[in-house]
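Peer 1: This is the feature table in Swiss-Prot:
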type: SIGNAL; residues: 1-22; note: signal peptide
type: DOMAIN; residues: 31-307; note: domain 'CN hydrolase'
type: CARBOHYD; residues: Asn39; note: N-linked glycosylation site
type: ACT_SITE; residues: Glu80; note: active site, proton acceptor
type: CARBOHYD; residues: Asn87; note: N-linked glycosylation site
type: CARBOHYD; residues: Asn147; note: N-linked glycosylation site
type: ACT_SITE; residues: Lys179; note: active site, proton donor
type: CARBOHYD; residues: Asn201; note: N-linked glycosylation site
type: ACT_SITE; residues: Cys212; note: active site, nucleophile
type: CARBOHYD; residues: Asn316; note: N-linked glycosylation site
type: CARBOHYD; residues: Asn354; note: N-linked glycosylation site
type: LIPID; residues: Asp492; note: GPI-anchor amidated aspartate
type: CARBOHYD; residues: Thr504; note: O-linked glycosylation site
Amino acid sequence: MIMSQLLNYVAVLFFCVSRASSLDTFIAAVYEHAVILPNATLVPVSPEEALAVMNRNLDLLEGAVTSASKQGAHIIVTPEDGIYGFNFTRESIYPYLEDIPDPQVNWIPCNNPDRFGHTPVQQRLSCLAKDNSIYIVANIGDKKSCNASDPQCPPDGRYQYNTDVVFDSKGKLVARYHKQNLFLNEDQFNAPKEPEVVTFNTTFGKFGIFTCFDILFHDPAVTLVRDSHVDTILFPTAWMNVLPHLSAIEFHSAWAMGMRVNFLASNLHYPLKKMTGSGIYAPDSPRAFHYDMKTEEGKLLLAQLDSHPHPTPVVNWTSYASGVEAHSVGNQEFTGIIFFDEFTFLELKEIGGNYTVCQRDLCCHLSYKMSEKRSDEVYALGAFDGLHTVEGSYYLQICTLLKCKTTDLHTCGDSVETASTRFEMFSLSGTFGTQYVFPEVLLSEIQLAPGEFQVSNDGRLFSLKPTSGPVLTVTLFGRLYEKDSAPNTLSDLTTQALRLNPKTDAWKSK
């Protein structure tokens, strides 16, 4: 009896201590970093020159880390390519790389910097985390030697990886992730042989990490949420904005809502390549975001998040739409191009009404009312159901309400940043063949609309109030991962299309 009581006491004590040491909320920070680039050269520089460039960027990151820590942040995310920039060859990136060990080695570089060779960048990041008692997420390059015993070993005898690292508040390396889905011009890096699903636990939730282009694919992004059940995604990125559907703050906030997870996105700040857009996103609404194409300055964002976001019911994305009768009100369909994909459109000719447009298996239904019907602005409802083959190969189903660039219907789908028409209400749904649908609402001047819309359990994206600003787009962006072509295999249409239409911007650049 005494032993049983003692065990019960110990169990209760352990539960109380564990609850006391865990946090219901935490303060997240992301830093949009105005990266300092090395001199443009394809010739490898000396290790000393490479370290000098990296230290200049680390000086700026140090200021952001220190400021975030003083404001109570528990974790800070910094961007992809934030320490050395971009536009490298396989040879010219090499002086910037370090050997990054498996975190299972239990290593604090600040205390033991030479344990794995010359690792000055890891040492500095570790000391920054330790000195400021904060988790730091950074993106650097990893190098791993190989030989002929490995049939996949590159000719130069090494693997080079685009790598995210995480140091905890004591400076310990707790996570290392090698980017799986490399973008077209990331020839300086290798993809890992298998997707890495990287997680770590803290007193303020379970975290997963992936990088930039990974967000468009199932592995490891969806796996982290669906199978590993992380609370928060860490997302270093070097994202080039492409409207109307792939601006950074628009798509990243939509992914957080669609996957029902916290999402910390840190982008490079480099307006010359349309790189801007960072945010702290909760499943229900953005907590903080930044988009700035006008200045050349970085930006630190902080916001409070729930450590364990409240679970929400799974959305049946086709439930409502499958029971709606088509409403075309006599309008004629026309086609338009969005990022090389041919959409089927209907012009919204009235101040309000109900419209339906279909393509293949996808029918999109819209109910709406504008605040006024302007003669100088045209809006359209569009549908796309097909395989996207430019700068990656991935299957999409998209329903979108968008503003056309001009009153010429041929401009529907072109990039637009400003509008004048507000909407009193909207409700958008579609007969999606996937559970992976990401809801986007983007307002004039590239602004989000936190708290102004919601997704119902039956798959409707609808407004809660009149929009606070003019509307650029209201979109349901669906991904059918099972219909993707083979990984890392791009259609010949990619090169052909880029040659035929060189004015079209890539959505992500290295």
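Including glycine, each Cβ sits where the backbone N, Cα and C put it.
Distances, neighbours, how buried they are, the whole picture for these features please.
Peer 2: DSSP gives Asn39 (N-linked glycosylation site) a coil state; it is part of no helix or strand.
DSSP assigns Glu80 (active site, proton acceptor) to coil in the three-state reduction, placing it in neither a helix nor a strand. The Cβ neighbour count for Glu80 (active site, proton acceptor), using a 10 Å radius and every protein chain shown, is 28.
The Cβ neighbour count for Asn87 (N-linked glycosylation site), using a 10 Å radius and every protein chain shown, is 17.
The Cβ neighbour count for Asn147 (N-linked glycosylation site), using a 10 Å radius and every protein chain shown, is 8.
Annotation for Lys179 (active site, proton donor): spatial neighbours Tyr161, Asn162, Thr163, Asp164, Phe189, Ala191, Phe210, Thr211, Cys212, Phe213, Asp214, criterion Cβ-Cβ under 8 Å with sequence separation of six or more.
Secondary structure from DSSP puts Asn201 (N-linked glycosylation site) in a beta strand. Note: Asn201 (N-linked glycosylation site) has non-local neighbours Phe207, i.e. same-chain residues 6+ apart with C-beta under 8 A of its own C-beta.
Secondary structure at Cys212 (active site, nucleophile), taken from DSSP and collapsed to helix, strand or coil, is helix. Taking all protein chains in view, 26 other C-beta atoms sit within 10 angstroms of the C-beta of Cys212 (active site, nucleophile).
The Cβ neighbour count for Asn316 (N-linked glycosylation site), using a 10 Å radius over every protein chain in view, is 15.
Within 10 Å of the C-beta atom of Asn354 (N-linked glycosylation site) sit 16 other C-beta atoms, taking all shown protein chains into account.
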Peer 1: Using Asn87 (N-linked glycosylation site) as the reference point, find which of the recorded positions Asn39, Glu80, Asn147, Asn354 has the shortest Cα-to-Cα distance to it.
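Peer 2: For Asn87 (N-linked glycosylation site), the spatially nearest of the recorded positions is Asn39.
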Peer 1: If you draw a 10 Å sphere on the Cβ of Asn39 (N-linked glycosylation site), how many other Cβ atoms land inside?
Peer 2: 7
Peer 1: Work through the recorded positions one by one (Asn39, Glu80, Asn147, Asn354) and name whichever has its CA nearest to the CA of Asn316 (N-linked glycosylation site).
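Peer 2: In terms of Cα distance, Asn316 (N-linked glycosylation site) lies closest to Asn354.
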Peer 1: Given the recorded positions Asn39, Glu80, Asn354, state which is nearest to Asn147 (N-linked glycosylation site) when distance is taken between Cα atoms.
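Peer 2: Closest by Cα: Glu80.
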